[in-house]
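Asks: As annotated in TrEMBL:
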type: SIGNAL; residues: 1-26; note: signal peptide
type: DOMAIN; residues: 32-123; note: domain 'Purple acid phosphatase N-terminal'
type: DOMAIN; residues: 134-336; note: domain 'Calcineurin-like phosphoesterase'
type: DOMAIN; residues: 361-422; note: domain 'Purple acid phosphatase C-terminal'
Amino acid sequence: MHSLPGWWSCYCLLLLCSLGLQGSRGASSAAPEQVHLSYPGEPGSMTVTWTTWVPTRSEVQFGLQSGPLPLRAQGTFVPFVDGGILRRKLYIHRVTLRKLLPGVQYVYRCGSAQGWSRRFRFRALKNGAHWSPRLAVFGDLGADNPKAFPRLRRDTQRGMYDAVLHVGDFAYNMDQDNARVGDRFMRLIEPVAASLPYMTCPGNHEERYNFSNYKARFSMPGDNEGLWYSWDLGPAHIISFSTEVYFFLHYGRHLVQRQFRWLESDLQKANRNRAARPWIITMGHRPMYCSNADLDDCTRHESKVRKGLRGKLYGLEDLFYKHGVDLQLWAHEHSYERLWPIYNYQVFNGSQEMPYTNPQGPVHIITGSAGCEERLTPFAVFPRPWSAVRVKEYGYTRLHILNGTHIHVQQVSDDQDGKIVDDVWVVRPLFGRRMYL
């Protein structure tokens, strides 16, 4: 009997292995993965999002404790085809839970009869303005070198936060390796994101295929595919927007104007409601100002986000100042920097002794040091006169919105085993917040 040529044996072996792998994946391809939560903006609700590899029903079973899960909610799925050469197809499921009891802990699982996730827990957000939300805030977290994430995960398990604000740049990058890096990242964040509303804004690393991975994988409020939206949380109105419309103009210059008009309208509404929710907080990826030693937009005197496009169209600094935005959260620079209250390069401290008490300009926080493959960003040797604190260490920010007049900002250093390396209170009066006088 003739033996098969060596190359043919190798080919058959590879084919059998491939079929075996497909078979094993097929057995679990209906099982949910990459489970995460978001707040859809409607009091008493929470949206659950997950991925499967075959089309299945979309259902969440939930209840108040770990016994049977008597409550049911159904949703829908949409196929997402990544833009890479393999055109990989994922099925993204979304189910919104409603009529949740404020502040109550729920147990849930998601999936279908073809496969269920493990059980997760979350606490429904409290309603109204009279409570004190606690947030974890950071940007620039990668699937590789996610240095601060294990500590963030432990914080979450201890019940330290009510929500997460991820200020752009995910996975590095979600589209890479035919979106497998996106899958790996979404699995990585699941222990946090399946327990807390994980609220996002787009960064430059989401740009590929017109931000398609970002738009498909996250479920933010509003009808702008998560590019810009706002929501209320306790005594704060939080606005998330895309700095990227100023940089990737080939996706449509009209987006700059559309977003600006939306921001203008939303800020006007927020100011009409300011007696109920005094704080206005914005989050966008690329900062207006920074003192890092690189060539990023924020190092330029007239950054695009601050001053707008050529001809100074649609710049955001004047808009945010005019409408009395209190706190502006940024990332992009892989470091932490707190600015003095600032407008148009002028420092507007409340007083020499208490610069953040009744400041006469917005406070900027840049927090992009959660950890990614690009490592940390160095600072320019000499700090700028408007820069108050600079920390080149891995970490993330804690934001405690205590009430309508007091916000507590802390920076956690992962390099120093969780040490608080910046600690400041921002204090503003309850009334007369609209204008900086």
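Yeah, the Cβs are placed from backbone N, Cα and C, and that goes for glycine too.
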Asks: For the domain 'Purple acid phosphatase N-terminal' (32-123), what are the DSSP-based totals of helix, strand and coil residues?
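Replies: With helix first, then strand, then coil, the domain 'Purple acid phosphatase N-terminal' (32-123) has 0 helix, 51 strand, 41 coil.
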Asks: Within the domain 'Purple acid phosphatase C-terminal' (361-422), how many residues are helix, strand or coil going by DSSP?
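Replies: Its residues divide into 0 helix, 31 strand, 31 coil.
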Asks: Summarise the model's confidence over the domain 'Purple acid phosphatase C-terminal' (361-422) as a mean pLDDT value.
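Replies: Result for the domain 'Purple acid phosphatase C-terminal' (361-422): average pLDDT 97.
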